[in-house]
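Here is what TrEMBL records for this protein:
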type	residues	note
REGION	B:1-24	region 'Disordered'
DOMAIN	B:225-281	domain 'CBS'
TRANSMEM	B:308-326	transmembrane segment
TRANSMEM	B:338-362	transmembrane segment
TRANSMEM	B:383-402	transmembrane segment
TRANSMEM	B:408-433	transmembrane segment
TRANSMEM	B:445-470	transmembrane segment
2 protein chains.
Amino acid sequence: MSESDIDLPPGAAPAEADRLHDADDRLRPEYVRRVMAHVEAGETESARALVEPLHPADIADLFELVDSDERRALAAALEEVLGGEVLAEMNEHVRDELIDTFEPHEVAEVAGEMETDDAVAMIEDMEEDEQRAVLRALDPDDRAAIEEALTYPLESAGRLMQRDLIAVPEHWTIGQVIDYLRAGAELTTDFWEVFVVDGRHHPVGTCMLSWILRTPRHVAVADVMKREQTLIPVDMDQEEVALRFQKYALISAAVVDGSGRLVGMITVDDIVHIIQEEASEDVLLLSGAGEGDINEPVRESYKSRVRWLIANLATALVAASIIHMFEDTISRMVVLAALMPIVTGVGGNAGTQTLAVTVRALATNQLTQSNTWRAIAREIRVACLNGLTVALLLGVGVAVFLDNSLLGMVIAAAMLTNILIAGLAGVMVPLALDRARADPAVASSIFVTMVTDSIGFLLFLGLATASGLVT
Amino acid sequence: MSESDIDLPPGAAPAEADRLHDADDRLRPEYVRRVMAHVEAGETESARALVEPLHPADIADLFELVDSDERRALAAALEEVLGGEVLAEMNEHVRDELIDTFEPHEVAEVAGEMETDDAVAMIEDMEEDEQRAVLRALDPDDRAAIEEALTYPLESAGRLMQRDLIAVPEHWTIGQVIDYLRAGAELTTDFWEVFVVDGRHHPVGTCMLSWILRTPRHVAVADVMKREQTLIPVDMDQEEVALRFQKYALISAAVVDGSGRLVGMITVDDIVHIIQEEASEDVLLLSGAGEGDINEPVRESYKSRVRWLIANLATALVAASIIHMFEDTISRMVVLAALMPIVTGVGGNAGTQTLAVTVRALATNQLTQSNTWRAIAREIRVACLNGLTVALLLGVGVAVFLDNSLLGMVIAAAMLTNILIAGLAGVMVPLALDRARADPAVASSIFVTMVTDSIGFLLFLGLATASGLVT
C-alpha cells in the first residue's frame, strides 16, 4: 500500500486522493484553491466534479475553510451536492450564516432530507417567525416530529433522539423478528439494535443484530436479549447522555418518556461529537474564552471574552491594592518589586495545574464524595513536593546571586506557602462550586488566580517587612 | 416514571437503584461505605451480593473510589466478580496497582477473558520479565494475538483493533451471507458490520447488518454494501483514528496492513474513551499538569508538574530582570510597582484565551493552511476590541482615582498594546509549533506567558520612563 492510499478519502480513487487530503485527513489548501478558482470563473460543472467524490463531512469542511464572502458563491455552484447530509456536518456558525440566505421552503427541503435530530439542530436557533415559516413548508410527518422535538429542553435527549427505530414484543421468537424485519417495507433501514418492549411499550431489553443473525429461529427473543440496559429519560441533559454512552460503551440506547414508554433512540454517532465538545469545553471555560469556536462571529467572541477580562481586571486591582499597602517597603528596597511577580506567577501556575486536574476529574465523574478527601490530601502532597523544590531553587538562587541570604529565606518561604495555598485553592474551589451545583470550569480560575496573586504579594512583601529585611 | 427509575443502573431493580447511584450516575458514598463495611467484617457473601447487580464499569468505579489500602481486601472479597470485563474498565493506575499483587497465571486468566485490545492495554506497561511470564501462561491463540498486537507501536491502531471479525467475498449474495452467519459455529457473535473483501483479502466495502436483514436473499452483497469506507492503517496513531471515527460517524472500521490486507477492526466503543481523553488532555497540557489523572501516583504527578513549574520559574526570572532594569524608575514612583502586575495579568489572560481557542481548533482539524490568515485576522480583531475596552476602563480609572492623567494614558497604552501582542502570540505560537510538527498544547502557554509578562513590564515601565511621567 502506498502512502497515498493511507489518506484515501471515502469514494475517491487513490491517485486523486493524494491531491484532496493531507496526511492528517484535512483538505489540502491547493485543492480548496482549485475549487474556488472554478467557482469564481463560473465553471460550475468543473467545481461540482471536483467536489462530488468528497464525503459530506469533507464538503462541510470545504465551506468552513473558504472565506465568509466566498461561501455564497460556493453554495450556488454546489447547489446539487449541498444537501441535508452536508449541512448536518457543518459548523453551526457557518451553517447559520449560509441558511440565512435560503428561502424558508429551501430550508424545509434540506430539513426533510435530514434525520430529526439534525433538522432540529439546524432550525432551533432561527428567529421564531422564520422557524414557523420553515415548519409550515415541511411535510406533515417531518413537521410533527420536529415540533415534538422542539418541545423538549435545549441540549436534552429529546432533541438528540431519532424516532425511527425497531421495537418488537417480548413474546416473539427470533424467527418472527427476522420475518418482520425482512417483510416490513415501511421500516427504517439503518439501525444497530432491536429494542424489545412489553405490552405497555416499556423497553425490557435490547438485542444486537448479530445475535439475531447467529441464533436459531425457534429461540425466544427474550432469551437472547440483554436485559441490563441504560434507559435515557427524554429530558436528560446531553452531557449526561454522553457520559452514559462512554461509561457503558453503548452503540444505541432507548429513550423513554416520563411514564417509561419507549419514544426514541439515540445512537453513538450522534454522541461522539458531544463527547468531544463537552471534553474540550473545559479548556475554553477555564480561560474564559466562551464558546471558543474559530467560526464564531467576532462580536460574540468579544462579548464573551471581554466580560472575563474585566473580571480579571477587578481581581488584579485587589492584588494591586495589596502591593499599594507595601509601597513604603518597596521604596526602601526596590528589588522586591522585581522579585514579587515570580512568587505570584509560579504560584498561579501551580494553582492552574491542580485546577485542571480537579475540573477534569469532576467532569468525568471520577471525583465523588467518596474520594474527595483522598484527592485533597493527594494535591497537598504534590504541592508540598513542588513547593519545596521550587522554593529551594529560588531561595538559593536569590541568596547567592543577590548576596542576601535573608532575602533568599523570605522569598523561599513565600514561594513554598503560595504553592501550598495554590494547591489547596486549586482543589477546594472547583469542589465547592461543584457541591453548589455550579460548573467548576466556569468561575474557578478567576478565584484561584485572585488567591495566588493576592496572597503571593501579601506573603512576600509582608514577610520582607516583618523579617526586618527592609530597614 | 419516578426519580429513582431515571438512575436505574443496568441490571438493578428500581428500588435498589435508589441506593446505588446518585443523580449523576455515580456510586453513592453510603453504598461504597456499606460494601467496605462488609469487606472489613469479613462478610464476603454480603459484599458480593451487594456488588453483583453492578455493571462492570461500576465495579471498576468502586475500586477507584475506595482508598488504595482497601483495594486488596476488596479484590479478595470480590474475586469471583473481578474478571476481565471489570479490569478492562478500570483506571490504568488503579489496575496496575491491583495486578501487581496477582500471580502471572492469574493475570493470564483475566487477559484470556478480555478482548485483545483490553488485554494488550493491561499488559503493555508491565516489566518485561513479568510480561513474558504472563504470555507463557496464556493459551496459544490468545498469546499469538497479544504478541502480534505488541509488535505495533504504542497507541496505534494495531493495539486497539480486534482480530475477530466477519469478512465475506464480494461475489456472494445476501442469502449466502445470511447462511454463513447462521451456520458458522466458530464465528464471533458480537459485531455491527460485515466487511466485504476481494480475492486478495483487501476490503472493498462494508455492509450494516440491518441492510443484510432488510434485503432479498438473491441480491449480491456488492450491490448493497457501502463502497466508500475509511480504512485505518495498522500503524495509525489512536488520536488520528479517533478523529476519523468522529468525522465520518463510524461504528466500526477495517484495519489494513501495509499491503492493504484486512487484518482487524476497530469499533466505536473502543474509541469513545480515546475521543474523551484526547479532547480533555489539552487543558492538562496547557497548564503543564502532565497526565493529570487523580489516580496517578504522587511521585509521577510531582515529576511532570515540577518540570513545568521550573520552566515557569525561568521565564519569571526573565520578567524579573526586565523590572530590574527599571528599578530606578520604580524607586522614584513606587505606585508603578502596584500597577504593573495589572498589565501583565490581564494580558496573560487574554493570551490564554486566544491560545485555548487556537489549540482546540488545531486539535479538531478545523484550522488548516487554508484558513490560517483568516484565523489570525479574526484574533487580531477580537484583541483590538478587548484591548480598547480594557485599556479605556483601566486608563480612566487610574487617571481619576490616582488623579494623574498621564499615568492613565501610559497604563492604557501599555494595556492595549499588551492585549494585542497577547492575541498575536496566542494564535501565532501554537500555529508555529503545529507547523513544526510539535504538539501546540505542550509548550505554547510557557511561551505566551513569557511574552505577555516580559513585554507587559517593558511596555508599562518603559513608557512611564520615556513619557516623562517620572521625574
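Cβ from N, Cα, C; glycine included.
Predicted automatically and left uncurated, TrEMBL annotations should be read as such.
The list of residues near the transmembrane segment (B:308-326) in space but at least 6 beyond its ends in sequence, with Cβ under 8 angstroms from a Cβ of it, reads 288-290, 340, 344, 446, 449-450, 453-454, 457-458, 461-462, 464-465. Across the domain 'CBS' (B:225-281), the DSSP tally of helix, strand and coil residues reads 23 helix, 15 strand, 19 coil. Residues 286-288, 308, 311-312, 315-316, 318-319, 322-323, 325-326, 329-330, 332-333, 336, 339-340, 343-344, 347-348, 350-352, 355, 404, 406-407, 409-411, 413-414, 417-418, 421-422, 425-426, 429 of the same chain lie 6 or more positions beyond the ends of the transmembrane segment (B:445-470) yet place their CB under 8 Å from a CB of it. For the transmembrane segment (B:408-433), the residues of the chain that approach it from at least six positions outside its boundaries are 339, 342-344, 346-348, 350-355, 357-359, 362, 367, 372, 375-376, 379-380, 382-384, 386-388, 390-392, 394-400, 402, 439-444, 447-448, 451-452, 455-456, 459-460, 463-464, 467, 469, judged by C-beta separation under 8 angstroms.
Outside the transmembrane segment (B:338-362), and at least 6 residues removed from its termini, the chain residues within Cβ reach (under 8 Å) are 282, 286, 319, 323, 375, 379, 382-383, 386-387, 390, 394, 398, 407, 411, 414-415, 418-419, 421-423, 425-427, 429-431, 434, 440-441, 444-445, 448-449, 451-453, 455-457, 459-461.
Taken as a whole, the domain 'CBS' (B:225-281) shows an average pLDDT of 90 in this prediction.
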